[in-house]
């Protein structure tokens, strides 16, 4: 049985070539520095110290493999997570980071690495066999070109056969007309048939059933089939003395040197801003939780699960498997069917939940229709922002996926390009607007994984092992660079400046 504290298999995987060996060397050197990343920590029975942070992970389809590499580095450096959030692929990683291990001291990535390693991604493409073949061809690296060439050649051959036949019927115009009409009718009939199948599938090529089954089965191995069971592992409130309610054997601690360090920050900023604010450090009310972002197109809202599960289930603790939340967050429009949940508008608990957001009984939709959370908020770092904080106790780390090379030379090439940029602007506006107004996070919290350097396709569910490895290593590389440059004192100082600038 695998030792859940053992990173050796991942390290061996990384070090299989010269590039990987260099990454392992850098990682070990960084760990040897024993840097401080947080003011909150705990110790295990062997007196090993684990520092705590909050983590947000962006969606990116199959590029999410890079997130696993990044999280491995964080855990290898002794970082554990209180609050977790993610969208789409980031939600998948968030789910397993929350569920794996017996408590917040146990690393999740040794088990998560095994899950990803053994995962048959193409099995998630569970639509009609014709759709599977088309998807497999189109999303592969060479498939798009091959498919285009095949269609072009087939069309040319068809026309080469058709035109001589039609020429024979030049002496019989009516026959030519009926042949052309028959071909047109067949074309229309095929398209109507395909459209009706598409409509019946709620406009999703793939049902998503296999993906949901994958999530359910892996949670079941940890004894999780209900939200309440995941909550018992991943959600709690820390008391002022550092204990966790309901778990007297679990103790959080605060760095002894934080008092003088934080007072130094306050003295500098009080003098700079000519005020006299006090920052009292305590562990009280620190929380651990998890959040998955999806979009309900029925009510036209961004939904945060499990916090807003009461809008759709009368008793979410027992009525829903958390795998459903992630399936909803990963419901890529057109690729996967949306997740549909009927709403009992006669249930008083559900009605009360809607009324809390000022939607009354006669306005409640009859069902929720969930699509990929990335449609609105692909990087939900805003949910961790607390404007009342002066000096943070734990850092917020955000992992973003760059799937295209930055290009400042922007041109509108055609109508499709123009429409695409409008849609991307609308899709990214929610997160970018927050980061524009709170640029502290861009400077100090967010790490970017440049997955475009691997040439991987975010919808390539038929990805080869070489590409998977390239993505994983890119996550490792990005994490090492980010954590090497991270300065906790600098983070606290600049986060405190944000408070002073906004409140004095």
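Using the three backbone atoms N, Cα and C, a Cβ is placed for every residue, glycine included.
Here is what TrEMBL records for this protein:
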ACT_SITE  88  active site, nucleophile
ACT_SITE  372  active site, proton acceptor
DOMAIN    55-385  domain 'PNPLA'
MOTIF     59-64  motif 'GXGXXG'
MOTIF     86-90  motif 'GXSXG'
TRANSMEM  63-82  transmembrane segment
TRANSMEM  143-169  transmembrane segment
TRANSMEM  175-196  transmembrane segment
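Counting only same-chain residues 6+ beyond the ends of the motif 'GXGXXG' (59-64), those with a CB under 8 A from a CB of the stretch are 86-93, 121, 329-330, 332, 372-374, 378-379, 401, 403, 449, 451, 456-461, 463, 471. Each residue contributes its Cα atom, and for the residue listed as 'active site, proton acceptor' and residue 88 (active site, nucleophile) these two points are 6 Å apart. Below 8 angstroms of C-beta separation, residues 56-64, 67, 291-294, 329-330, 332, 372-374, 377-380, 399, 401 of the same chain, each at least six residues beyond the ends of the motif 'GXSXG' (86-90), sit close to that stretch.
Averaged across the motif 'GXSXG' (86-90), pLDDT in this predicted model comes to 97.
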